[in-house]
Every structure is written in structure tokens, then in C-alpha cells.
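In Swiss-Prot this protein carries:
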COMPBIAS  8-18  compositional bias 'Basic residues'
COMPBIAS  92-104  compositional bias 'Basic residues'
COMPBIAS  165-174  compositional bias 'Basic and acidic residues'
DOMAIN    94-146  domain 'bHLH'
MOD_RES   Thr107  phosphothreonine
MOD_RES   Ser109  phosphoserine
REGION    1-20  region 'Disordered'
REGION    73-109  region 'Disordered'
REGION    165-203  region 'Disordered'
Amino acid sequence: MNLVGSYAHHHHHHHSHPPHPMLHEPFLFGPASRCHQERPYFQSWLLSPADAAPDFPAGGPPPTTAVAAAAYGPDARPSQSPGRLEALGGRLPRRKGSGPKKERRRTESINSAFAELRECIPNVPADTKLSKIKTLRLATSYIAYLMDVLAKDAQAGDPEAFKAELKKTDGGRESKRKRESPQQHEGLPPALGPSEKRIKGRTGWPQQVWALELNQ
């Protein structure tokens with residue numbers, strides 16, 4: 001028996017039947033041809049801008065950049081997130097609230113100091129309202145008047161000079177006024193004539209000082 005002849009005959013007999021459609025399908029039995037056919041498709045899909053980003057225009061920002069820009073806005077920075085801005089907005093009113101309170105305390109302190117200074121000026125009529133500028137001018141004039149009185153006492157032979165002491169005394173302003181009253185009588189202006197009217201409550205201090213300061 002001829003093996004070659006029988007093999008050729010058997011092989012020829014095997015191919016005499018009509019081939020099945022699945023036997024020549026390139027998807028199952030042709031990986032090389034399948035890769036060759038699909039390679040242009042993948043290359044065009046990767047390199048084509050229209051296929052690569054169908055939802056975004058060509059040359060535009062990446063999806064992550066577009067999402068970030070939509071969330072924060074074109075000019076926003078990551079540090080200016082809405083939550084951070086709300087937190088800063090909640091803290092700012094509390095910081096501003098301390099400003100008016102501090103300014104109010106400062107104004108009250110200044111007003112109290114001027115009120116004490118007005119009380120130190122002697123013979124101020126009860127119906128007279130002094131502004132801060134007039135209070136400072138009268139206080140300056142009164143200090144000059146007291147220094148002139150002390151200078152006259154020093155010329156008379158008194159060895160002690162006036163010294164300003166910043167110590168609190170028990171008597172307070174009343175004792176200070178009592179100490180100043182003898183000095184005020186020594187520097188009285190000349191007696192007024194019968195035709196001149198003397199203003200009540202302004203004795204002990206030259207009347208022209210009041211006339212000059214209150215008329216300004």
C-alpha cells in the first residue's frame with residue numbers, strides 16, 4: 001500500500017467538500033491579518049483630534065483643566081475656593097467690630113481728661129461751656145498766671161520755687177484749690193472804678209483773660 005498516494009488521495013478528498021464559513025474567518029484564525037486590518041483604524045483614532053476629543057475643540061485645555069476652570073472661574077486660584085472665602089467673610093465682621101469699640105473708649109478717655117482739666121481752671125461760670133480748644137487756652141493762661149505769681153514771690157525773698165508733683169493727694173482738687181487761693185489774692189488786678197461793672201464769680205484771675213479767650 002502506498003502511503004503517499006493514500007495521503008494525497010485522502011487530502012484531496014478532504015478538500016472536495018465545500019468549506020465552512022467559519023474556517024476562513026480572519027477574526028478567529030488570522031491574527032496577523034486582523035492586526036494588519038485594524039492597525040490603520042487605531043492609528044487614525046489616536047492621531048485624529050476630532051476622534052481623540054469629540055466633546056472638546058481642537059487645541060483646547062484638557063478635561064481636567066476645563067473642569068477646574070468651570071468650578072473656580074477663569075481668574076480664580078485654588079486658595080480662593082468658595083469655602084475659604086465664606087470662612088474669611090465670617091471672620092472679617094468680628095475683626096471690624098473691635099475697631100469702633102476701641103475708638104469709643106479712646107474718645108471717652110479724652111473727654112474725661114478734658115472734663116478734669118476744666119475743673120482745675122478756677123472761677124469758671126456754671127453757664128459757660130468750654131470747647132476743647134478754649135479749655136487748653138485757658139489752662140495755658142492759668143499756668144502762666146501761676147508762674148508769674150511764683151516769680152514775684154521768689155523776688156520777695158522766698159527761696160523755694162514751684163515744683164510740679166504728679167502725686168495723688170487725699171484732699172484731691174479741693175485741697176489744691178485751697179492752696180491756690182492765697183496765691184490768687186496776691187495777684188489781684190487793680191480795683192475797678194465805680195462806673196465799671198464787676199462780673200460775679202470771676203475774682204482771683206485777671207478778667208481780661210476771660211475776655212480774650214471767650215471772645216475767640
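Each Cβ is built from the backbone N, Cα and C atoms, and glycine gets one as well.
Per DSSP, the domain 'bHLH' (94-146) is made up of 42 helix, 0 strand, 11 coil. Model confidence over the domain 'bHLH' (94-146) is summarised by a mean pLDDT of 87.
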